[in-house]
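**Student:** My questions all concern the structure below.
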Amino acid sequence: MLRSITLSPTRRFGFPPRCVSFTTIKELILTEENDGSSLHYAASSPCFLLLSKCTNIDSLRQSHGVLTGNGLMGDISIATKLVSLYGFFGYTKDARLVFDQIPEPDFYLWKVMLRCYCLNKESVEVVKLYDLLMKHGFRYDDIVFSKALKACTELQDLDNGKKIHCQLVKVPSFDNVVLTGLLDMYAKCGEIKSAHKVFNDITLRNVVCWTSMIAGYVKNDLCEEGLVLFNRMRENNVLGNEYTYGTLIMACTKLSALHQGKWFHGCLVKSGIELSSCLVTSLLDMYVKCGDISNARRVFNEHSHVDLVMWTAMIVGYTHNGSVNEALSLFQKMKGVEIKPNCVTIASVLSGCGLIENLELGRSVHGLSIKVGIWDTNVANALVHMYAKCYQNRDAKYVFEMESEKDIVAWNSIISGFSQNGSIHEALFLFHRMNSESVTPNGVTVASLFSACASLGSLAVGSSLHAYSVKLGFLASSSVHVGTALLDFYAKCGDPQSARLIFDTIEEKNTITWSAMIGGYGKQGDTIGSLELFEEMLKKQQKPNESTFTSILSACGHTGMVNEGKKYFSSMYKDYNFTPSTKHYTCMVDMLARAGELEQALDIIEKMPIQPDVRCFGAFLHGCGMHSRFDLGEIVIKKMLDLHPDDASYYVLVSNLYASDGRWNQAKEVRNLMKQRGLSKIAGHSTME
């Protein structure tokens with residue numbers, strides 16, 4: 001016999017104070033059944049009122065228990081409500097148990113169960129339930145088709161997606177939502193031709209349909225086709241929405257189409273579409289990857305609610321564009337507004353610390369990541385590389401050894417770090433250890449080792465590594481990256497013929513490849529070869545970069561081609577909009593100093609917008625020694641030691657200048673001053689075998 005139960009007003013179960021008589025509930029339900037009323041719409045039913053008061057999983061389970069205990073679970077409407085609530089709270093297994101207890105679920109209950117899985121992003125279960133639904137012979141329904149197609153899209157399940165398409169063909173009619181879902185499924189599964197066919201079959205195309213097709217092109221790296229389709233969309237007088245413009249900006253990012261990206265940015269502003277966080281991040285990414293860091297910062301500054309993703313995008317942008325100090329400054333500001341960084345932020349900042357060898361800040365960021373628990377493989381690998389770049393091999397090795405699972409990225413981080421800081425033998429030893437631990441290297445590993453061999457000047461080791469790379473197929477699969485490192489190795493080891501042979505075998509040469517070969521000719525004193533290859537590069541419509549101009553200017557300087565050097569230096573900032581770096585100014589100073597045009601060289605040093613470094617001063621003082629212009633040398637010495645009073649390398653330059661003029665006493669005084677200040681010269685070494 002059913003008993004009356006008083007429900008406690010305990011907060012834990014989420015109920016208000018209420019007494020419910022289940023005898024009354026049963027009588028009401030029986031009355032409704034006798035009247036022929038549908039319990040799907042029995043909003044006033046006590047059972048439904050009870051379930052509607054459930055505000056958490058505990059209260060729902062208690063109510064479920066009460067209904068089961070009183071024999072009220074045979075009704076399909078109550079089961080449907082329970083399934084819906086379990087799905088809403090994220091307990092799909094409980095929902096499925098209720099569903100399976102109904103011997104003959106109606107179509108509405110099937111749809112509710114399907115919606116539960118969709119709501120909780122259980123796409124595999126959506127596809128399984130859809131198959132089961134079709135086997136039961138239920139009628140076709142647009143909502144069911146849409147949810148099943150969405151699940152196939154998320155799973156990249158092309159086979160089941162095609163099955164649904166075949167079932168759709170048998171349906172007399174269905175709405176555009178289903179067709180757009182089908183289009184989206186094909187596009188995201190890489191079947192762009194099938195997606196385009198579906199697109200052409202849609203007669204009334206709305207903005208969602210157009211955007212899905214454009215997004216399909218962009219996702220499959222057919223960005224130009226996506227932009228053409230957008231023009232067709234405009235011709236059809238369909239206005240884009242936030243997602244349309246987000247997709248178009250992504251296309252411009254992939255194409256490095258800065259001008260087009262700016263145009264879409266302008267369209268966004270004119271359209272009055274509110275810039276969401278997602279759109280702002282897309283704009284930041286576009287400007288950053290197109291090298292327009294100033295516009296990226298402008299977008300960042302203009303947005304009132306800057307979230308973690310935007311901060312991170314801006315910091316990563318500065319780091320990748322070489323503006324490391326700005327990246328680190330922004331990171332400090334981010335800490336000031338109490339936004340907790342994530343692993344991507346930390347890894348990017350550590351990368352920046354390594355690039356400018358800021359060990360102090362790198363250690364501070366390391367401590368912060370431990371303190372607030374921001375740690376993953378990317379952070380560990382960035383730490384290894386940062387310590388290696390800062391010549392802290394022991395710390396780099398310690399972090400590396402502490403990683404429980406060393407993947408290929410971890411090995412590459414320490415090998416490339418050691419290669420770049422001059423610890424060549426350690427890098428080669430780690431490579432041998434990597435092989436002994438059965439870790440398969442990749443193109444990045446081999447490229448780092450070629451750089452190590454180039455620094456070591458070891459033609460024999462590098463040639464063996466070349467043979468190893470051919471055996472493993474790296475020159476075929478990673479031809480540009482590995483091939484460029486290989487030709488650079490041969491060029492630096494004095495074998496330009498082998499370098500040119502490798503250069504000619506690389507089918508898709510990038511700017512770095514051309515620059516490496518141009519630099520290789522320059523290192524051998526073949527300025528004509530460098531300049532001819534540079535002109536060939538321009539004819540191939542390859543845009544030079546800063547490294548290309550460094551190689552060209554260096555080649556002109558070593559062969560006394562002053563007029564040509566001046567022409568290329570001027571072209572660099574006038575024709576290509578590059579801001580000269582310290583390296584470019586050093587090349588110009590070296591070229592003029594070698595040619596005896598020391599007054600012009602001094603004028604460059606004094607007017608440089610950035611601080612000259614030891615190489616720049618060294619190039620000038622070397623010219624002073626060559627042409628016995630010690631009067632000009634004295635001017636630079638004063639400027640140099642005022643700027644760098646505690647750097648031994650500058651004192652060595654001064655001592656060498658005095659020695660070249662036979663002023664041995666003054667050279668000795670400089671050496672004694674170094675000892676008094678505790679400064680010592682770093683020992684040099686030969687890099688040729």
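Glycine is no exception: its Cβ is also placed from the backbone N, Cα and C atoms.
Residues annotated as region 'Type E motif' in Swiss-Prot: 616-689. Residues or ranges marked as repeat 'PPR 2' by Swiss-Prot: 106-140. Taken from Swiss-Prot, the feature repeat 'PPR 4' applies to 175-205. Annotated repeat 'PPR 6' per Swiss-Prot: 241-275, in sequence order. Residues annotated as repeat 'PPR 7' in Swiss-Prot: 276-306. What Swiss-Prot records for 307-341 is repeat 'PPR 8'. According to Swiss-Prot, the feature repeat 'PPR 9' maps to 342-372. Annotated repeat 'PPR 10' per Swiss-Prot: 376-406, in sequence order. Swiss-Prot lists 407-441 with the feature repeat 'PPR 11'. Feature annotation from Swiss-Prot assigns repeat 'PPR 12' to 442-476. Sequence annotations record features per position, and here Swiss-Prot assigns repeat 'PPR 13' to 479-509. Annotated repeat 'PPR 14' per Swiss-Prot: 510-544, in sequence order. The repeat 'PPR 15' annotation in Swiss-Prot covers 545-580. For 1-12, the entry in Swiss-Prot reads transit peptide, with the evidence type sequence analysis.
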**Student:** Under 8 Å between C-beta atoms and at least six residues away from its ends: which parts of the chain pack against the repeat 'PPR 8' (307-341)?
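**Tutor:** Same-chain residues near the repeat 'PPR 8' (307-341) but 6 or more away: 277, 280-281, 284-285, 287-289, 291, 293, 296-297, 300, 348-349, 351-353, 355-356, 358, 361, 368, 372, 374.
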**Student:** For the repeat 'PPR 10' (376-406), could you work out the same-chain residues 6 or more beyond its ends whose Cβ comes under 8 Å from its Cβ atoms?
**Tutor:** 343-344, 346-348, 350-351, 353-355, 357-359, 362, 366, 369, 413-414, 416-418, 420-421, 423, 426, 439
**Student:** Within the repeat 'PPR 11' (407-441) only, compute the mean pLDDT.
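**Tutor:** Averaged over the repeat 'PPR 11' (407-441), per-residue pLDDT gives 91.
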